[in-house]
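Annotated features, as they stand in TrEMBL:
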- C:Cys91, C:Cys96, C:Cys132, C:Cys136: [2Fe-2S] cluster binding site (BINDING)
Amino acid sequence: MVSFVSSLCGKISPLSLKEYKDNGGFDGLQKAIFHMKPHEVVKVIEDSNLKGRGGAAFPTGLKWKFISMENSDEKYIICNADEGEPGTFKDKILLDGCPLQIIEGMIIAAYATKANKGYIYIRGEYPKTREILLKAVEILRDEGYLGDNILGQEFSFDIDIRSGAGAYVCGEETALIESIEGNPGRSRFKPPYPPSEGLWRKPTLVNNVETLANVPLILSFGADEFKKYGTEGSRGTKLISVSGNVVNRGVFEIELGTTLKEIIYDICGGTLKDKKLKFIQLGGSSGACIPQSLLDIRLDFDELRKYSIGLGSGAILVVDESTCIIDFIKNTMEFFKHESCGKCTPCREGNRHIIKILDRIQGGEGSERDIELLKNISLLMKEASLCGLGQAAPTAIFTTLKYFGDEYKEHLKGYCRCGICDMKGREECK
Amino acid sequence: MKKINVNINGIDVVVPEGTTILNAAKKVHIDIPTLCYHPDQKIKGSCRVCIVEVEGQSTFSAACCTPVRNGMRIKTNTKKVREARKTILELILADHNCDCLTCIRNGNCELQILCEEHNIDTISFDKVVKLLPINDKNPAIVRDESKCIKCGRCVEVCNEVQGIGAIYNINRSCEMKIGTAYDKELKNVKCTYCGQCINVCPVGAIYEKSNIDEVWQALEDDNKHVVVQMAPAVRVSLGEKFGMQPGSIVTGKIVSFLRKIGFDKVFDTNFTADLTIIEEGNELLHRINNNGKLPMITSCSPGWIRFIEYFYPELLDHLSTCKSPQQMFGALAKTYYAEKFNINPENIVVVSIMPCTAKKAEALREEMSDSGYQDIDVVLTTRELARLIKQSRIRIEELKEEDFDSPFGITTGAAAIFGATGGVMEAALRTVYEEVTGEELKNIDFKNLRGINGFKEGTVKVGEIDVKVAVVNGLKNARMILEMIKQGKADYHFIEVMCCPGGCIGGGGQPRGTNDIKKKRIEAIYKVDIQSAIRKSHDNPVIKTLYKEFLTKPLGYKSHKLLHTHYKDRSDI
Amino acid sequence: MAAKNVKEGEVAMNMDKRIIKIIEKIGKTSDKLIEILLEVQKQSDENYITEKELKIISKELRIPLSKVYGVASFYSMLSTKKRGKYVVQICNSAPCYVKNSKEVAKFFEAALGIKMGEITEDGLFSLEFTSCIGACDLAPAVKINEEIYGNLDRDKIYKIIDSLRKEEK
């Protein structure tokens, strides 16, 4: 475990500007606006090799560069605080623990990209966090960190807080933008990407909370200090949210490059009641289900890519042997069925047919053909859906078919090793 | 503009930057199937039927919404693509009421065609479609949710072209549907019945309420004297339903057909269009000379009337009090015509053939019975006329052209152009000019008021006054001009508003057609005008007779009783 | 009768005023729709937005009613149907699922005598599932209005309901 991006969480009073500043807060911003040109700030972020912490791991500096190159007198910074990926609660720790750090990150981003307006899109499920953010923005406005002529400079930037209202898809940046505009959160097709056409069709930077929280630190300590953490291709630290059948649940900051095994056994104390670990799901419900045999994998973007696995939001759900694979997948797909926006055919229609097939399998009426259909729909969703939601929804199906194919086959033969599925030819599972 | 080199199915093509894969493929005659895509609408990218393979990419790209990149290598018809498209279609079909044989779109359904082209021979998935009752508790439009494929075209036209928003996407995921707030019937929301949603629907999810059977029934009733009128836009578009080129003029064939199936008299709505010009022209002059409410706005488009009643009741006194030509016709048929030919009006059935779905609702307005009876009994759309023709098994292509019956068959070119946006204004100016100045108008073509543009304006010197006019079509443009009036920024004397984009030739009851086809229809409309012996409404000799024998004078007592009406504040709905 | 009508009129007026006040506080632009809907719902004892309220919002923001309804129906936190004063949202996302959220739902159903999706007769509680509420370290967890309750078992669930009922008395 390390303490970098979350170092002030729990250490200072979240809304105390004084405590924040006493602990180095706003050093990064001061350095940027008093001593650096906007393009130099972008350069530092590029040099740090910081990658987006929301799930897609896109190089942050490059994204900033795209927006800074856009010629528009209206640009927006959006902090994506719509942490909806099941099993992910690390942004909440940052938002509740050190909101000023995230806002500082936004102000620096605005300075670097010449944006004048920002939004924090906070998920509706976090009403108390929203209150904290509202207060934080007010404090910073009063103290001249937000508003016109920030710290007496020719630089103006202000932030509005917008609340989600229960839609996982709004974590997808274009759906999020639609939601800020007051619409249902239905993803737009890309391109155009938000850096060229985002909020109100203007250049828009959408960064995750954790990404933005890293920014002030990179600015104040320098890219090199940041790069001391992590591996060659994966710099910095990562907040991981651990949940499930494990002794210590919670948010932990680790260096990128740490293995899953270290996290689960050394940091989190292993499985509860020493039950056998079945798999871990990495990155939330849209992530891969990784069996015990692969726990030596390092949380490193390049290494994960070799296994076609994404780090995603950094959620780790530990699942022990008492959970039935089929039942778990059905629960996962019910989540996606509930959360699909309904716009594109593969995702709107695919999820419900997958559930119907899983129902058949759980009821003891599944056949080889059902497995084929399952693969077909999943592949179509992955390859033809309009946005990341539909594309990633079947990830757990692919990985469990790959690593737990036997358990699917057992179900076809009318046997559930966990005793969860009722194989009496009934539609519903116990 | 930057040029982009791409390769599609092995063929190199150079296109401007920003071109979509779909359009780049079109350029080299490679046809990519589409479903949610509509050439006159925004790109949606939602159905995913147009997916293609792009080299080096692990996912498909939707051709409609993906701009080409330099060096892109695209394959549009591989096994992988075909199978994925097939799966997409099967997913759509699993949630679609596939009763094609009894569907109104049987034979011209975009989904049906795609299924045929993709060799769909089975649906691998469980049927999940909900067979809900059909919504038809209103005079004009039927909605069948079980057919809806959620392409979103109707939502776009209702919200963004017409600016109404009677319908929207409700719910999400597989529960997502197109509907009204709280699932209300269309008659209980602010729907103008313009029918533009029908014109863009690729399937049979939304269509006009059919009144064909009522026509057959009347025709077979020996006690009834059944007369029919046909609107100007119908004659330049019906041919499309029978394989003719867009813009074909089939007036004489339709007349011949209608006579053949037993209508006692075949009349022309153009006659009452001429009459509208006389009444409306005089109303305008009266308002100008007597400090009346200006700008005066035309009132012949019933979708537009409903719009202003719903959304701008405070501006209702800007509307001309003239009834629409359809309704003037009905009122005269059951009075003047009945008297003249000694027919009991109770036995007269008046059928209208209109390019319009809103006309069905207009005929049922309680004010529209000034003859003592419901003035118009049945309204058929152009599409229904086509079905009537097919049902009769008469081959319209082979019919000889015939003329309308008198008295309501003599009409002018001014009336003909009512069917296109700007036409009413142009016709009115031809008459008003001569009425006021007493001089002959030499150049009677007001070309700056013509064409498919949503907003046009002009100034015409009429005697002492510069008459300032504006022409809008599409209700979003109507809203714009009403806002201008509210803000005191519309110093026009006269405004023509047509509910549907392009005017009546683009009406909600017309054969489905893109903007390109609408342009052809407009050209045909002006061809009818040019070919007319008389091109000014006030020169119509039968109109003169009508005033002499019956109405006495424009805006006179009888005109007021039969040809003018009033409007209602419907903002509360 | 007349007196009653006057009173109803007054109530309607007050509602108009209350909604307009919310709109003015949050901002009268169409992009604020979701914020306004959330606030209107929050002020309701029945945790939903009524048709009348939606109509006022539609009129004030000049957004078609169908769209206002479409937005309200899209977001799962917004409701156009009556709910309990306390909306019990049981998380059924994966981290709670592996910690037996199905049992939690059953306990709540038994304790309240209603099924998922229903409201208790006294209008105090309604039960529904929710996607992840970010309380995964406390799974199985529920959210009741704005409060999170975690590490639930049968006893805890009964205690929570009892204490909320007491608050109401």
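Every residue, even glycine, has its Cβ placed from backbone N, Cα and C.
Everything TrEMBL records as a feature, shown here on the structure.
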| residue | record | DSSP class |
| --- | --- | --- |
| C:Cys91 | [2Fe-2S] cluster binding site | strand |
| C:Cys96 | [2Fe-2S] cluster binding site | helix |
| C:Cys132 | [2Fe-2S] cluster binding site | coil |
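Sequence-distant neighbours of C:Cys132 ([2Fe-2S] cluster binding site) (same chain, six or more apart, CB under 8 Å from its CB) are C:Cys91, C:Ser93, C:Ala94, C:Pro95, C:Cys96, listed in sequence order. Around C:Cys136 ([2Fe-2S] cluster binding site), the C-beta neighbours below 8 angstroms that are at least 6 residues distant in the chain are C:Pro95, C:Cys96.
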